[in-house]
Amino acid sequence: MTLQIIAGRSGTGKTTHLMDEVGEKIKQNSKTYIFIVPDQMTFQMETSFLNKENLAGMLGTQIFSFSRLAWKILQETGGLSKTFLSQTGIEMVIRKAALDQKDKLKIFSRATSRKGFYSELANLFKEMKQEEVSIEDMVKSATNLSTSVNNKVHDISLIYQKYEELLADKFLENEDYLRLLAEKIADSDYLNQTEIVIDGFTSFSKQELTVIGELMRKCDKVTISLTLNVPEIQHGLDEYSMFKASTEAYYALLELAKLNGTQVEENKFFLENKRAKTESLAFLANTWGHNKFMSFKNEPQNLKIHQANNRRAEIEGIAREIRQQALNGYRYRDIAILTRNLGDYDVLCETVMEAYNIPTFIDKKRAMAKHPFIEFIRSSLDAILFNWKYEPIFQAVKTEFFFDITEKSSLNRRKADILENYVLENGIQNKWKWEKEGDWIYRKIRGLSTNVLPQTDEEIHMQSIINEMRNLIVNPLSTLELNLRKAKTGMEFALALYHYLEQVNAVERLESWRQRAEEQGYLELAREHEQAWSSISALLDEFVEVLGEETLDLDSFTEIIGTGLDALEFSLLPPSLDQVVLSDMENAKLLDMKVIFAIGMNDGVMPLRQKDKGIFSDQDRDALRAEDSKLKPSAKNNIGEEDLLAYKIISLPSDKLFLSYPAADEEGKVLSESNYLRKIKGQFNELNESVYLTDPSLLSDAEQSSYIRSKQATLGLLTSQLQMYKRGYTLSSVWWDAYNSYFENEKESIMAKQVLSSLYYENKTKPLQETTAKNLFGETIHASVSRMEKFFSCEFQHYAQYGLKLEERGHFQLQAVDMGEIFHGAMEWISAELKRNNLDWGNLTEEECKQMAKLAMTFLAPKIQHEILLSSKRMEYIQYKLLQIITRATTVLNEQAKSSAFRPVGLEVDFGLKGDIPPLKIPLQSDSELLLQGRIDRIDMAEQDDRTFLRIIDYKSSSHDLALTEVYYGLALQMLTYLDIVVTNAQKMIGKTAEPAGVLYFHMHNQYVQAEKELSDEAIAKELQKSSKMKGLILSDPVAVSLMDMTLEKGKASTIIPAEIKQNGELSARSRTATRAEFDKMRQFVRHKYQEAGNKILDGAVSINPYKLKERTPCQFCSFRSFCGFDPSLTSNQYRHLANEKAETILTKMDIEGGTQ
């Protein structure tokens, strides 16, 4: 029984020597030779043995990790009677233990709901077993420490003891195998006449040392290779050396051999670097970690440092380098990319390497959490926990597991969208609404529904879809909730979930997905679907095995299962025979690599800026170790580990080493280079840093040609270069050659034409063909005023809404338009109620105004937006505030009526084919016509002598005024149109002709009076009346004005209308008035605008042409902004800037342009 240690720096030939030595021994005897290497290294070592000619295909040799050797020996000696717990199972059991002890925890009670907490606890328990630290020892070490550390250890002790109790000596963790292995080695016949070779470790845990000790006793020989600096073991341990851990392992092995009485053969020390093929790489590896500064005198060969603008530029530069190395004769398997933060680069690398046609293996396990099956389970449980809220329900729906498996996915998705729209619009946010008896009723009504017509065929069809999809969700989910609510034990909870998955045909759906992915060539995706089911099956089996008989509640079950779901990962396929490997630096176990790219070499990353992580902080660890705890040292006491990691990278390649870093992150934040790069540049005076550019145009032609490495990737660069050429920059002939190369075969030319077409892209629309326009809008255009205003705001906005009939998804929320409808509805209801009771405005008391407003709100509240005003306490408060506004408006209108001769003669008057008044007909080109239809809020009439006046009142929830500029540009046609219609149809409406008296906006709001001193009730009333003054435009006729405000005196301004009388009895310039002739011109001009719009619509006008008036644009509140893609930075997308001109100028233009109809 002997021990031999092989020691030396990386690349000195230790592994090669061991393999060659075993190869020679196999020829001479029949012994078994067992290599033990780290878990991540077994595949590479097996590959190396297969490629080693003198080992005859591995006959007589076996490759194990410590855990795989444990399985082998325990299978032989009978130590596998206990159930193995995976990492997922461990975290679930720890969560159960923590939940059971939650009330007793002093410091971790809140952490029990923190994501990652159980993973950290699992890592701590793993460390305790590896380092053979008992919980009793830890408690003892913490006795004299701070309250914080004491409380932490107290909580850990409670959780750990409960955890061990739940395992109940029936289950095994990975670390338990090493303990059992150490116990069973002596009983193994397999290990008789064997020699053990241990390679690839930089240090050993206490458990591993115990196993090695037993192997020393059992096996003929144990040979162990260690990477260290030979002079250090000859001159004693250096606390700050990067080889500290290896040197400690060296002394520990010698001590172990001494304790076991094992003979120590003469150690072999390897000093010469045999891996590096260039003097510069050998120098870098040999001098790394030396205290004495040494510099390299010549220009370094095959050692490069690159800066990149950002991470994408860095990866694209590396992809070009890899393509060049492949052209130079290297295989992809000879190349590896290493990074400290794989999460910063994995997705980017995958995308870029695919574009450069570089086969790449990303050595990173991906979490299963985003797989639809895992999301379905989690969302289903969340839906039950949170009373069937919208978010978890539809997260589950969108995974498609509720759908009928026999129907097409696209059809099911469409039906699910219809259901989702209904749920959002109707505010279905709880279980009671989902499970309520009877079908859900579908009505395509938005806003106020006071007059509900019978359902249409379309509504009945939509209703059947909604209820079909509703039942697909409610039936299985209700059953799941029922079974979960009845469950008491872990077994019953697991069965409830399993039966739910059976009910939705989860296995069949995953299998159909797997088959489809396989048929389409997505083999990795097919494996993921397969693993998803097997992982959930294993998780439930493990859950039942450990917690099946435990009493649980629903919250505990979902938390524990949630922990298990978080821990699930997809297993990795080993890399193919010829792929570039992308791996993280710390876990990479690579052999025989010729070219290494170390990326992301930034300050704070290499060396890592240490942060506390895990259950114990660095300070906690230092304190516990000071009390003889055997926990691992804190990060700050492992100063040499960062140097060792860097050493591992720079000593890995035999041929070439590329080091790179980005100068900025994705957000443009500046990133500095690593201190290690500064150190290397200091050692190599002739080493020049290069730059990976996003724009190579400033480089020489030869350098620019290096950017052309693959057809797909080059096409993007070519596009950007041609874009610069369009702007007047010089273009290298390199890019013209690249351009021509794309048109040498048909397939590439098609791809190139598609991509390069973006050079000439303009975000413009073409006019619709005449037949298309007529099919969309009809030969007779039935339009509303607001639709025409939308056309003049932006033609494309009109096309999207009225041509394509796009509309925003409805939401169960009270919007400004809904409040406007409530105000209109209230005023209509109150006016109608007054008429029914033979009452008139101006004759009501304040109390009657309040009562009328209250009755109106009681009538309207259930009829707005699916009873939204009755849906919550918050909505009840909003209803109260709306009632205040309606009450105030009723009071003001009543007060105004006392001073006015005008009285309503029409409320909510419809005009159109089925209206009280016929539509406004506008003749269009080609014998077409435009029929204008709509509803007028209120029409008032007043008479004096033989003159009759009509005016329009419009209720607004925000402040409005009539701007002639907006009328001229077609943005505010409503009021003058309504006035034109009522004046034109006065004979039909009131039996006589009438004059236009004006158009006025009544602002419905709850006014407040601001004053610097206390005011009387009368003064307050006066101020409130002023703030309620209507805005708009009125007839500049003393008779009409006096009828509107009979209290108006000379030298005073009206508190009702926008009028002011001078001392001489004339209207002042501050009045907002127009003459009868001007009103007629405006009415005529408005008709002209409708004719203009109608003809343009028939001509197919769909331009993206939003206006800009002052700072206002229709894009601010446009639902179609993302759809049209309007971008003012593009030459093809510019606003129509509208001039804000004086009223006199506008009226003159209207007169000139209005013409005659």
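The backbone N, Cα and C atoms fix where each Cβ goes, and this holds for glycine too.
The Cβ of G13 (ATP binding site) lies under 8 Å from the Cβ of F270, E272, K274, R275, each of which sits 6+ residues away along the same chain. The ATP binding site feature in Swiss-Prot is assigned to G8, R9, S10, G11, T12, G13, K14, T15.
Sequence annotations record features per position, and here Swiss-Prot assigns [4Fe-4S] cluster binding site to C794, C1115, C1118, C1124 based on sequence analysis. Sequence-distant contacts of C1115 ([4Fe-4S] cluster binding site), defined as residues of its own chain at least six apart whose C-beta falls under 8 angstroms from its C-beta, comprise C794, P1106, R1121, F1126. Taken residue by residue with DSSP, C1115 ([4Fe-4S] cluster binding site) is part of a helix.
Annotated domain 'UvrD-like helicase ATP-binding' per Swiss-Prot: 1-278, in sequence order.
Residues or ranges marked as domain 'UvrD-like helicase C-terminal' by Swiss-Prot on the basis of sequence analysis: 272-590.
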### Message
With every protein chain in view, what's the tally of Cβ atoms within 10 Å of the Cβ of R9 (ATP binding site), excluding that atom itself?
### Response
22
### Task
Report the same-chain neighbours of T15 (ATP binding site): residues 6+ apart in sequence with Cβ closer than 8 Å to its Cβ, ordered by sequence.
D199, G200, S225, L591
### Secondary-structure category, per DSSP, in which G13 (ATP binding site) falls
coil
### Query
Are there any residues in the same chain, six or more apart in sequence, whose C-beta is under 8 angstroms from the C-beta of T12 (ATP binding site), and if so which?
F270, L271, E272, N273, K274, R275
### Query
Where does C1124 ([4Fe-4S] cluster binding site) sit in DSSP terms: helix, strand, or coil?
helix
### Task
Can you see whether DSSP assigns C794 ([4Fe-4S] cluster binding site) to helix, strand or coil?
coil
### Neighbour count (Cβ, 10 Å) for C1124 ([4Fe-4S] cluster binding site)
20
### Query
Around C1118 ([4Fe-4S] cluster binding site), how many other C-beta atoms are within 10 angstroms of its C-beta?
20
### Query
Same-chain residues six or more away whose CB lies under 8 A from the CB of K14 (ATP binding site)?
I6, A7, G8, D199, S225, T227, F270
### Query
In angstrom units, rounded to an integer, how far apart are the Cα atoms of S10 (ATP binding site) and C1124 ([4Fe-4S] cluster binding site)?
60
